[in-house]
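What TrEMBL says about this one:
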type: DOMAIN; residues: 70-347; note: domain 'Tr-type G'
type: BINDING; residues: 79-86, 146-150, 200-203; note: GTP binding site
Amino acid sequence: MARSSAAGLLSSLRSRGGDALLQPLRPVSLLLLLHGGGGGGAGGWQRAMSTGSAARAKEEKEAWWKEAMERMRNIGISAHIDSGKTTLTERILFYTGRIHEIHEVRGRDGVGAKMDSMDLEREKGITIQSAATYCTWNGYQVNIIDTPGHVDFTIEVERALRVLDGAILVLCSVGGVQSQSITVDRQMRRYEVPRLAFINKLDRMGADPWKVLNQARSKLRHHSAAVQVPMGLEEEFQGLVDLVELKAYYFQGPNGEKVVEADIPSNMEGLVTEKRRELIEVVSEVDDKLAEAFLNDEPITSSDLKMAIRRATVARKFVPVFMGSAFKNKGVQPLLDGVLDYLPFPTEVENYALDQNKSEEKVLLSGNPAGPLVALAFKLEEGRFGQLTYLRIYEGVIRKGDFIINVNTGKKIKVPRLVRMHSDEMEDIQEAHAGQIVAVFGVDCASGDTFTDGSVRYTMTSMNVPEPVMSLAVSPVSKDSGGQFSKALNRFQKEDPTFRVGLDVESGQTIISGMGELHLDIYVERIRREYKVDAKVGRPRVNFRETVTQRANFDYLHKKQSGGQGQYGRVCGYIEPLPMGSPTKFEFENMIIGQAIPSNFIPAIEKGFKEASNSGSLIGHPVENLRVVLTDGASHAVDSSELAFKLAAIYAFRQCYAAAKPVILEPVMKVELKVPTEFQGTVTGDINKRKGVIVGNDQDGDDTIVVAQVPLNNMFGYSTALRSMTQGKGEFTMEYLEHLAVSQDVQMQLINTYKANKGAE
């Protein structure tokens, strides 16, 4: 019964206009049949089960969802700043019919790109928040996340890649592989994301895709080859030759929407043959099936090559390189075809969860919509209607009105509203299944929480969150706006794990910390715009750290008698630096043999040392890479308490800290500069003055690329200085590298400043 009703539905739909009609229906309506919705479907399945054809019904059921899954792609678009990610997304949305006119990124026409929905993004021409959307191309559903390129918003890229199955790495044909391209590629490796590369801006002066391809091989260690060859470059860029299908494509019409297929121009046949052979050779190195055909000199058909590229790309052994110019509307449609042909669908990617009932044992998720619900909240936003939580569903189905359980907190929550996002617009849906990216309203949770239907206790692995490197003191100008001010800070902290808010105990100031000057500036600006609170900003402050360099012993007795119960606690042991590359920043070890200190007081001692290490005595910054070992102590039958031992630990730490030869650590940044060669001397001289170490020097046409490691404390206001040194032609990017010890003179200077400030208070 079920088989015939399902088959009947399928054939009637096909007769009414082919597969096209099926597409909008597949993800949701076909699943209603699976889950007993859609009228007679449920009864059909039950009857099929009862008549003994359970196995056949199961096959039918699986066929539905497998087909729905195979027609889905979850991709991200990432790159260095100004490589054209948002412009590319705008064109993809236009060609797939999601938007009906194209707008440019800087919003010169007063509208701005669809994916840059914040006013700040449109004004500055940069992406600040990653935005999600979806579209349909050739009957496939494609979920897209457009991510920022600026290193200060690196967490947006981290969390997008955490939940995606594939990605497009956009490279500029003039700029090539730049510092942020390397960072983004490293993030893609961390989350094991298969990727395509797209060399953009072939219409610009100085475009050289082959130079960029070689840079990708050398700098990113990509095993890659071009799958297209451009016809002409710069102003003469006309179209592309597809090396797999051996066809030429021209893009006509006012917005390049008409793709015209033609024969390969005769003057390019030699180059095309050479590049196709190179493509086959490179793929053969990582695909045995193609290698066999290649070595036996068998003819390799387009479909053989396409299948081999797909296998190698999904296995992350090969990166196919596409070309084009998003701004000039050339090469976007073949790139979309490449996404469907070469990037994996959700069930081709292995996703693991940790089973909390079996001491975090790794479980491979099937991606089956019929399985138990497992979804990860990877991004939060404060919308007009409350908190908007972006979910990636890994298994099962989520429906509006369902009860779901937050595994991290144990809370049971009802799903009041389920939506699909199109930048800042929403489309209400009734249900969503494994493989989809959706958003829910009114669900209180944190970024990185896992939701299930209660039948399993799985959590997804968390993402990598970099430590903030810069702080600012902020306070509202008027006393009345304190409530709105703290509301804004709480919201931003919840949305962005790299944005931290703290209180300076000594000065009573609110301190915000983040990934750089731009990151914090944007948040101060958002407080002003979104919460109408003017904030005063103090001078940026660097997040120094302190550490010890040698072992020092402590033996401290805390004894206090003041009528009634006294306080008594003695702790003995030593502190020492942790070995290099240690995964933890603080370690506590209890090596007491016997019961010199009752075991119930040990946690209080650890707490005391932890608290004391929050503020070192040199400049009051946290102490890192510290190991505390407790070897002996003494307690009193009546006067010992948790408080007494906690205080004993705090004073013991202060007593021995100076003997451990403490040093101050400062954040050192990796700075990449691109300046015209004529200014190279001035710029490198200035880097030396800022106590920077130059680690790389490269020539790129008329420009010099300098890579240096510079203390963050010496980089304030550098963008202005660089502009004046290079007549506005220089550009730089900066990212956190590590904390390193400061020189002796800087240490003395910092200690004196700290003491003077303390004395003034």
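Cβ atoms here come from the backbone N, Cα and C positions, even for glycine.
Counting every protein chain shown, the Cβ of T147 (GTP binding site) has 28 other Cβ atoms within 10 Å. Other Cβ atoms within 10 Å of the Cβ of D82 (GTP binding site), summed over all protein chains shown, number 18.
A79 (GTP binding site): 29 other CB atoms within 10 A of its CB, across all protein chains. A simple way to gauge crowding: the CB of L202 (GTP binding site) has 26 other CB atoms within 10 angstroms, across all the protein chains here. Cβ contacts within 10 Å of K85 (GTP binding site), excluding its own Cβ and spanning all protein chains shown: 29.
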